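**Student:** Just dropping this structure here.
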Amino acid sequence: MRIMTSGESHGPGMTVIIDGYPSRVNIDIEIINAALQARMKGPGRGARMAIENDQVEILSGIRFGKSIGSPITLFVRNRDYANWQDDMASQGDAVDSDKGRTTVRPGHADYAGALKFGHQRDVRNVLERASARSSVAYVAAGSLAEILLRELGIEVHAEVLQIGDKLITGLSDTEYAEIIESVRHAKDTIGGKVIVRASGLPIGLGNYSQWSQKLDARIASAMMSIPTTKAVEIGAGVQAATLRGSELHDELFLDEAGNVFRKSNNAGGIEGGVSNGEDIVVSLTSKPIPTLMQPLNSIDLNSNEAATAFVERSDVSVLEAYAVIARSMLAIVLAEIICEQYQSDTLVQLVNIFEELKGMNRDDE
C-alpha cells in the first residue's frame, strides 16, 4: 500500500491517493468524516477551525461502499480558499497583496525552505505546503487504514498524555483549559505529549534484516513527519537510559496451558524491529506551534535586514488534533506493512492469512 498527498493550506483542498488497498473492504464515509471532525477539535485551536468543516469527497477507488482494488483518491475542500483565490491562483501574475511574506518564523520551514527553493521574495510558497493543514490528508488516509485494521482485529487508540510540564491525569478539564487560556493571554504557544497504542497485532510485523524494514524505524519515521513532532519514544523510551537490563527487558513466562505471556511491556510491542504480539506503544513530543502572536526576532529575506517574524492566524495548542494525527500515522504504517508482507488482492484473502497467523505454533519447524 502506497500513499501520496498533495495540496496547499489555502489552496482548493487536500488530496490523498492510496494505492494497493485490498478490494471488497466496506468503507463508511462517515467514519472518515468523524476522524476529520475530531482533528478540528480541542482547546487551543485557532480561528480557522470556525471556517472549515472538513468533509471527504471520494473521487475514485470506492464503489457502492466497497473498495474495488484500484487507487483510492480522497479530497477535502478548503472552505477558506474562497478568501484566497486571487492569492493562490495557479495561473496569471502574482497579485499585490498583504498575504505575501518575506520574513520568516523561527521553528517553521520558512527559512530553510525559502533558501532551498528560491522563494526569498515570497515565503508563502513554502509555508502553504509545510503547513500542518496537510495533516488533513493523513487523517483521511489513516481512517481507511483503520477500517482495514479493524477487519483484522487490530485497534488503534491515542490520547493526550501531557500539556507543557503537566500530566493530563492530574488535571481537571477546567485546569486544562485554564493552562491554554493563560498561554493564549501571554500571546504564546504550548506543546506536550501524546501516546498511541495498537492492540491485536500478530507476531512478525516488520523485519530485523534491513534497517529500512524495521517496524519501529518505520513508525518513528512516520511520526517524525508530523510537523509538530520533536521526539518519538517506543515503549519505555528515554526512561530506558535510567534502568538496568534486569529491570527493563520484558521476561517471558508460560501459563498452565503453555501459552506465552509477559508481565511488562517496556519494549512497546517491538523487539529487534519486529512486532512481538504485545501492544505497540508510542509516545510523541509536540513542540509549541512556531507562529506566535508576540513574534520572535527574525530577518527579512528580501531586504536582508533584521525584522520580527510575521503573525499568521494560528493555534495556541494542537494536542487533541495531534493525537488524532498520530493515531492515523500509526494506522497507516501498520496497514502498509501488513499489505506488503501478506500481499492480498482482496479482504477475504487477507483475513484468511490472519486466521492462519493466529493459529501458528511457536515453533513451526
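The first residue you see is number 1, and the count goes up from there.
Glycine too: its Cβ is placed from the backbone N, Cα and C atoms.
TrEMBL lists these features:
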- Arg39, Arg45: NADP(+) binding site (BINDING)
- Arg129, Ala130, Ser131, Gly272, Lys287, Pro288, Ile289, Pro290, Thr291, Arg313: FMN binding site (BINDING)
**Student:** On a simple 10 Å Cβ count over all chains shown, which one of the binding-site residues Ser131, Thr291 is most densely packed?
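**Tutor:** For the binding-site residues Ser131, Thr291, the Cβ with the most other Cβ atoms within 10 Å is Thr291.
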**Student:** In whole Å, how far does the CA atom of Thr291 (FMN binding site) lie from that of Arg45 (NADP(+) binding site)?
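**Tutor:** If we compare the Cα positions of Thr291 (FMN binding site) and Arg45 (NADP(+) binding site), the gap is 13 Å.
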**Student:** In angstrom units, rounded to an integer, how far apart are the Cα atoms of Ser131 (FMN binding site) and Arg39 (NADP(+) binding site)?
**Tutor:** 15
**Student:** These are the binding-site residues: Arg39, Arg45, Arg129, Lys287. Which one scores highest on other Cβ atoms within 10 Å?
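**Tutor:** Answer returned by the neighbour count: Arg39.
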**Student:** Rounded to a whole angstrom, what is the largest C-alpha distance between any two of the residues Arg129, Ala130, Ser131, Gly272, Lys287, Pro288, Ile289, Pro290, Thr291, Arg313 that the record assigns to FMN?
**Tutor:** 44
**Student:** What does DSSP assign Ile289 (FMN binding site), in three states?
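**Tutor:** For Ile289 (FMN binding site) - judged by DSSP and reduced to three states - the answer is coil.
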**Student:** Which of the binding-site residues Arg129, Lys287, Ile289 has its Cα closest in space to the Cα of Arg45 (NADP(+) binding site)?
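**Tutor:** If we rank Arg129, Lys287, Ile289 by Cα distance to Arg45 (NADP(+) binding site), first place goes to Ile289.
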**Student:** Suppose we draw a 10 Å sphere around the Cβ of Ile289 (FMN binding site). How many other Cβ atoms does it contain, all chains included?
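**Tutor:** Summing over all protein chains shown, Ile289 (FMN binding site) has 23 other Cβ atoms within 10 Å.
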